[in-house]
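Taking it in order: structure first as structure tokens, then the write-up.
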Amino acid sequence: MVFLLLSVQSITTVGFLQLFKFLNLIKFRDYNQEEAKKWLPITVFLVAMIYTGSKALQFLPIPVYTIFKNMTIIFIAYGEVLWFGGNVTPMMMVSFGLMTLSSIIAGGNDVSMALGSIFQPYTSSGDINTSITMLGYFWMCFNCVSSAAFVLYMRKRIKLTNFKDFDTVYYNNLLSIPLLIVPSLLLEDWSNENLLINFPPGQRKVRIWAMIFSGASAFGMSYASAWCVRTTSSTTYSMVGSLNKLPIAVSGIVFFGDPATFSNITAIFTGFVAGIVYSFAKAYPSVFLGSRPNSPSVSSASSQSYSDANKYDEKSREP
């Protein structure tokens with residue numbers, strides 16, 4: 001019941017925001033109908049990204065799914081070129097390629113099996129496997145489009161509306177509540193049998209508190225995501241989303257007994273190299289563009305966004 005869990009997370013996040021505002025710990029804009037209408041497409045893209053991702057995972061192996069998610073970074077990077085006038089340097093493309101290569105190395109067997117299901121002879125079982133795989137790629141393509149649209153349009157709307165970070169968190173989570181509850185009621189199994197499976201009597205309280213705790217974590221993630229998109233760029237935000245899988249992979253080997261195979265170690269190392277290359281490309285764009293460091297031609301989307309954020313922070317915060 002993914003949509004139910006996400007609904008609880010959004011409700012918990014909005015609850016934390018209202019509590020902190022009541023205690024005068026934070027400030028954010030009050031709900032405005034016109035602003036909500038303009039922000040609604042972002043929330044629709046967010047829900048579409050979640051749903052299509054869950055559907056793609058039903059038909060595709062996780063490594064194949066990860067490869068497509070990493071390739072989405074390239075779409076986002078060129079989307080920033082079109083919308084924000086950024087640059088995609090050759091070194092950035094190298095980092096994108098290394099990140100995708102890291103996923104391919106980690107899931108080599110799953111990738112070869114997924115490709116084999118497409119090109120195998122058309123037997124009766126082959127037709128079924130091919131149809132299932134192609135259905136997974138269909139959902140994956142929609143997931144890539146919705147993911148790129150969500151990140152790019154959110155940054156565009158932040159720049160146009162001068163939203164602060166808590167404003168973004170508030171509208172993202174508040175507007176997503178009905179868009180998550182309705183699919184949960186329509187698509188998920190709310191029968192007594194399924195509720196007993198998901199919330200067994202002996203663990204019911206523990207699981208409910210775990211969902212609330214995940215909502216508290218989602219509050220921190222929402223704020224960090226809004227801050228990252230506002231002060232850096234959509235591409236950097238997406239790259240971080242790929243890089244944060246690497247410490248998880250390392251912790252799995254160190255703490256949870258995952259096998260430390262040659263392919264796993266190579267994939268993790270390649271991913272870290274991709275992060276270093278990307279960081280270097282963003283920090284020293286003039287080295288790869290052959291222009292003066294202060295030249296406007298080398299100003300990336302992230303530097304422009306950082307400049308805009310500084311201008312916004314100099315203005316008085318709205319009550």
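Backbone N, Cα and C define each Cβ position, glycine as well.
Residues annotated as compositional bias 'Low complexity' in TrEMBL: 292-307.
Residues or ranges marked as compositional bias 'Basic and acidic residues' by TrEMBL: 310-319.
Annotation comment: TrEMBL describes 292-319 as region 'Disordered'.
What TrEMBL records for 6-26 (among others) is transmembrane segment. Using a Cβ-Cβ cut-off under 8 Å and counting only residues 6 or more beyond its ends in the same chain, the transmembrane segment (6-26) has close neighbours at 50, 166, 169-170, 173-174, 176-177, 180-181, 184, 211-212, 214-216, 218-219, 222.
Per TrEMBL, transmembrane segment is recorded for 38-56 (among others).
The transmembrane segment annotation in TrEMBL covers 62-84 (among others).
Per TrEMBL, transmembrane segment is recorded for 96-119 (among others).
Summarising the annotation, TrEMBL assigns transmembrane segment to 131-153 (among others). Below 8 angstroms of C-beta separation, residues 41-42, 45-46, 48-49, 52-53, 55-56, 58-60, 64-65, 68-69, 71-72, 75-76, 79-80, 83, 114, 117-118, 229, 234, 237-238 of the same chain, each at least six residues beyond the ends of the transmembrane segment (131-153), sit close to that stretch.
For the transmembrane segment (169-187), same-chain residues at least 6 beyond its ends with a Cβ under 8 Å from one of its own Cβ atoms are 1, 3-4, 6-7, 9-11, 13-14, 17, 28-29, 31, 35-36, 39-40, 42-44, 46-47, 51, 154, 163, 219, 222-223, 226. Residues or ranges marked as transmembrane segment by TrEMBL: 169-187 (among others).
The annotation transmembrane segment is assigned in TrEMBL to 207-229 (among others). Within its own chain, the transmembrane segment (207-229) has Cβ neighbours under 8 Å at 5, 8-13, 16-17, 151, 154-155, 158, 163, 165-166, 168-169, 172-173, 198-199, 236-237, 240, counting only residues six or more beyond its boundaries.
Per TrEMBL, the feature transmembrane segment maps to 262-281 (among others).
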